[in-house]
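Below is one structure, written out as structure tokens; the observations come after it.
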């Protein structure tokens, strides 16, 4: 630690706006959303205060109390007590409190105060508090608490000015350290009640809007209907809004590749540029709009505060299949990508619930599967209307998503059966106030996602595509060879070797070959197929080329395979990191492989018999 | 409810009221009540301790706001200005008092 750098930790109850404040202070772009447990790791940022002093800010996961039960809360306690490995305790603690919901937030502040370190209280969401007519006597609160209190509006420009001025000034004197035990914790509630009575006036306990919305959103019948409608609309929108943009990008790249080929000398380089880069990567890039549409909806739902309501509605159902309502949000983020989903399970307090959620999260259809699904559906499923309103292609996509969810329910149910520990699981989940999603936050989320996608595309996917092109092009066919060049290449040999395993489920050798790079990044299956068929002599669009070479039954089998297969290396690596057990990785890989193989086998055999 | 556990006391208006102890899980939707205590169902019950930390302590006003669509589980409990989703067996740990006219 350099001299003069002040280390500040942001703590508080879950969902009080610590991360929004962190972003406001440091200009960071950390993810914010409207539910408890968004921040699951310690995050660090720094900025220079007006006085010229360097301030280092630590954003910590939210906690209700130091009697910790969940892994993310434990990180917070360890950092504040100086027990976190490689981390000195902070010089100053900024305790962030939601001004509209002070009771629990002040109670936590009193716990923090007992640590015996300098504390500043930031009353956040002051704008919302004023709108609801909540009046807080700040000078009196400050006097009674014996520590500095500042007002902040984390989501507004300059909304943290008062806080910066305060922390940039003299470090406040710490209260004496006090022991922490169950008996003294009970007294804290009484202390908070006295504080609130003396300093806060509140016209209503809750926001009127929340009460009205919850009457509908949590209604036993309408609530479920609204939830089903929201989910269905999201998946239809992915197709309806994303597809035209995707086609535009695909056509643009095809045109560009064609023009570039004219300028390049014929030979291996021309093949790499037209077949590999433009054919392969262009196809993957074309799916970015669909992924962004999906993310737009996920981010908007996350910001609105609706997701914990959905978790409430589904808790009982999820409980019956060995999960919990708390699994809902991690599983929903797994539709984007299983990796943040699996990391998000840290907010699940029950270890058994957490493990089940981790094991089924990869069955949720992640956005990397979307390009594969979209390509195969466009090539094999006719786009006519069903019941006059649904596109058959959209419907098949929806069925694939449902297949993933049904698989997860089956696995959860089996896990619950074989688990010997039948003790009680707890829910205990806070439902936040509804909030209008901020255009800026959704925009940042979409930008971050595009950047991640482009990095993948120009990193791992590009490298694999070039490798696949090389494998498919070399060695060149011997003089006088009659078949397509690719039959004599390395790819031809590898693919045919793999095809023995996958022949019963209807995969030809090209499809079997495409599964190898898909293990590193699923989207690469699309690029690999594009490269293999392009090198194999088919020019033009990938879709018709697939339809010409692959029977319908095999295509359906491949779709089902992608719904269940253990395909992504990074997911397995995250399971290892989060559960610290190779056994869980083996279980995860094993059950998914068996499940995918059996489901594809059934699909292929039944579809072959029918067609 | 056991009639023997009824206690009579005066409310702020000096009129007679009966205070009936009820499990929070059995409380009617919308009925105002006040937390009496949280019971441990086992020694050092972590769920009971968590409930106390979350503000389920004596004297705190509570209300059932909504019930889940399947089997009325979980419950949405309003305590202070905070809303918590609790399963029935979690809510059953909390004893509340409902005031009824004598």
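Cβ coordinates are placed from backbone N, Cα and C, and glycine is handled just like the others.
Of the given residue ranges A:199-220, A:221-242, A:419-440, TrEMBL assigns the label transmembrane segment to A:221-242. Within the listed segments A:278-299, A:498-519, TrEMBL records transmembrane segment for the stretch A:278-299. At the 8 Å Cβ threshold, with sequence separation of at least 6, the transmembrane segment (A:393-415) comes into contact with the transmembrane segment (A:319-343) through 3 or more pairs.
Sequence-distant contacts of the transmembrane segment (A:221-242) (same chain, six or more residues past either end, CB-CB distance under 8 Å): 287, 289-294, 297-298, 301, 306, 309-310, 313-314, 370, 390-391, 393-394, 397-398, 401. Pairs of Cβ atoms less than 8 Å apart link the transmembrane segment (A:319-343) most often to A:355-381, out of A:248-266, A:355-381, A:585-607. Remote same-chain partners of the transmembrane segment (A:355-381), defined as residues 6 or more beyond its termini with a Cβ less than 8 Å from a stretch Cβ, comprise 238, 243, 246, 283-284, 286-287, 290-291, 294-295, 322-324, 327, 330-332, 334-338, 341-342, 345, 348, 392-393, 396-397, 400-401, 404-405, 407-408, 411-412, 415-416, 518, 521-523, 525-526, 529, 542-544, 546-547, 550, 552, 555-556, 558-559, 562-564, 566, 568, 571, 575, 578-579, 584, 587-588, 591-592. Of the ranges A:278-299, A:457-476, A:585-607, the one with the most Cβ pairs under 8 Å to the transmembrane segment (A:248-266) is A:278-299.
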